[in-house]
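Asks: The annotation (6S)-5,6,7,8-tetrahydrofolate binding site is assigned in Swiss-Prot to L121, G125, H126, L127, S354, P355, F356. According to Swiss-Prot, the N6-(pyridoxal phosphate)lysine annotation covers K229, on the basis of sequence analysis. Swiss-Prot lists H228 with the feature site 'Plays an important role in substrate specificity'.
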Amino acid sequence: MFTKAMNIADFDNELAQAIADEATRQEDHIELIASENYCSPRVMEAQGSCLTNKYAEGYPRKRYYGGCEYVDIVEELAIARVKMLFAADYANVQPHSGSQANAAVFLALLEPGDTVLGMDLDHGGHLTHGSKVSFSGKTYNSIGYGIDDKGLIDYDAVAQLAEKHRPKMIIAGFSAYSQVLDFQRFREIADSVGAYLMVDMAHVAGLVAAGLYPNPVPFADVVTSTTHKTLRGPRGGIILAKANPTIEKKLNSAIFPGSQGGPLMHVIAAKAVAFKEALEPSFQKYQEQVVENAKTMAKVFIARGYDIVSGGTQNHLMLVSLINKGLTGKAANDALSRAHITVNKNSVPNDPQSPFVTSGIRIGTPAITTRGFGVNEVKKVANWICDVLDDIDNEEVILNVRNKVAELCAEFPVYGQ
């Protein structure tokens with residue numbers, strides 16, 4: 001028999017210590033990884049609830065297990081809220097991740113060997129958009145499009161690739177592109193060759209929900225997303241679409257039983273909480289600050305002599321090329337980590353370095369904005385980053401920045417009292 005007094009610390013000190021240390025790291029370090037954020041205590045409460053005990057294979061009111069009357073309510077709430085958030089006619093909230101959501105779309109709409117046109121990983125795409133190390137590039141014939149010399153997507157070049165290769169599906173989406181996608185143009189290109197259009201809005205879903213980035217749902221056949229990142233929910237995925245009974249049936253079957261078994265009801269509950277939070281007016285103000293903070297940081301980097309791929313940002317992230325500084329992404333990542341500033345090394349277009357080394361770093365503002373950083377704070381942070389990178393082997397500079405980071409983080413706790 002269990003008691004509510006049971007806790008990890010009294011039973012598993014090693015694990016408890018690792019969790020405590022991670023909590024300290026999150027409070028004491030500045031988090032600039034573009035795909036990370038802090039979810040609310042409400043979201044975490046749902047994830048830690050008794051719903052983790054319940055198996056619920058199938059969909060609401062059509063389960064293969066008994067006792068699902070309450071988890072049906074949970075999933076229906078999540079579905080209704082996310083449909084409202086993105087003006088979608090269809091929603092599946094069961095994908096365990098964004099990659100699982102993408103895999104389900106491939107399974108639903110394509111056959112092995114079909115041609116897919118997506119953004120090159122080296123130019124800002126995602127592994128699941130056709131990378132040769134992913135299922136998307138191993139099971140399917142993947143063709144990549146990229147960015148031009150100005151760091152922008154060349155839609156005429158995309159159209160030419162589509163005409164040449166006649167893909168069955170075109171993917172619009174990215175993991176490191178700082179500009180706004182033209183979904184109308186992607187729709188026209190897809191229609192010109194009779195292709196499906198899938199949009200992966202994982203990185204910008206929060207901006208879309210707040211009306212600060214174009215909504216892809218009216219243009220795409222299918223839209224996928226994660227529920228963390230800018231959406232600030234639990235780690236998970238969703239699939240959205242306009243009304244299309246044929247596609248809806250294929251998508252549902254591709255998730256269950258096609259690629260997943262029982263849904264994670266505790267995570268779906270957390271998604272429902274996050275979707276309700278995203279419907280609040282305060283969420284729009286948060287997203288506005290995310291974008292303003294990103295634009296501010298980009299201007300500081302440019303003023304300090306650093307190259308931003310595509311010349312700036314129109315969303316929450318930027319890709320900083322270090323080629324002109326003679327630095328690698330790995331060296332920059334390691335030095336900034338010692339200063340308690342967390343970024344991730346990232347390949348840049350035509351990168352001479354390997355993916356394990358890279359010539360760039362990706363920076364995003366969702367997490368620091370959640371903890372309350374505004375324009376004044378992000379100016380400081382951007383300048384501290386430049387201070388470290390300008391003298392990357394100077395441990396005294398790194399220590400000085402780390403002390404400043406500690407003071408700033410203490411002023412803006414992630415989880416206050």
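Cβ coordinates are placed from backbone N, Cα and C, and glycine is handled just like the others.
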Asks: Between any two of L121, G125, H126, L127, S354, P355, F356, the residues recorded as binding (6S)-5,6,7,8-tetrahydrofolate, what is the biggest Cα to Cα distance in Å?
Replies: 17
Asks: Which entry in the list of binding-site residues, L121, L127, has its Cβ near the fewest other Cβ atoms, using 10 Å as the limit?
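Replies: Looking at the binding-site residues L121, L127, the Cβ with the fewest others within 10 Å is that of L127.
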Asks: For L127 ((6S)-5,6,7,8-tetrahydrofolate binding site), what is the secondary structure state per DSSP, taken as helix, strand or coil?
Replies: helix
Asks: Tell me, how many other CB atoms lie within 10 A of the CB of the residue listed as 'N6-(pyridoxal phosphate)lysine', whichever protein chain they belong to?
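Replies: If we count other Cβ atoms within 10 Å of the residue listed as 'N6-(pyridoxal phosphate)lysine', we arrive at 28.
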Asks: Round to a whole number and give the Cα-to-Cα distance in Å for the pair L127 ((6S)-5,6,7,8-tetrahydrofolate binding site) and H228 (site 'Plays an important role in substrate specificity').
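Replies: Just about 18 Å between their Cα atoms.
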Asks: I'd like to know which of the binding-site residues G125, P355 has the most other Cβ atoms within 10 Å of its Cβ.
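Replies: The residue with the most neighbouring Cβ atoms within 10 Å is G125.
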Asks: Rank the recorded positions H126, H228 by the number of other Cβ atoms within 10 Å of each Cβ, and give the residue at the low end.
Replies: H126
Asks: Could you tell me the C-alpha distance between S354 ((6S)-5,6,7,8-tetrahydrofolate binding site) and H228 (site 'Plays an important role in substrate specificity') in angstrom, no decimals?
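Replies: S354 ((6S)-5,6,7,8-tetrahydrofolate binding site) and H228 (site 'Plays an important role in substrate specificity') have their Cα atoms 28 Å apart.
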Asks: By a simple count, how many Cβ atoms lie within 10 Å of the Cβ of S354 ((6S)-5,6,7,8-tetrahydrofolate binding site), its own Cβ left out?
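Replies: Neighbour count, Cβ to Cβ under the 10 Å cut-off: 11.
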Asks: Sort out the sequence-distant neighbours of F356 ((6S)-5,6,7,8-tetrahydrofolate binding site) for me: same chain, 6+ apart, CB within less than 8 Å of its CB, listed by position.
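Replies: Those within reach of F356 ((6S)-5,6,7,8-tetrahydrofolate binding site), by Cβ under 8 Å and sequence separation of 6 or more, are K330.
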Asks: Please report the Cα separation of H228 (site 'Plays an important role in substrate specificity') and H126 ((6S)-5,6,7,8-tetrahydrofolate binding site) in Å, rounded to an integer.
Replies: 16
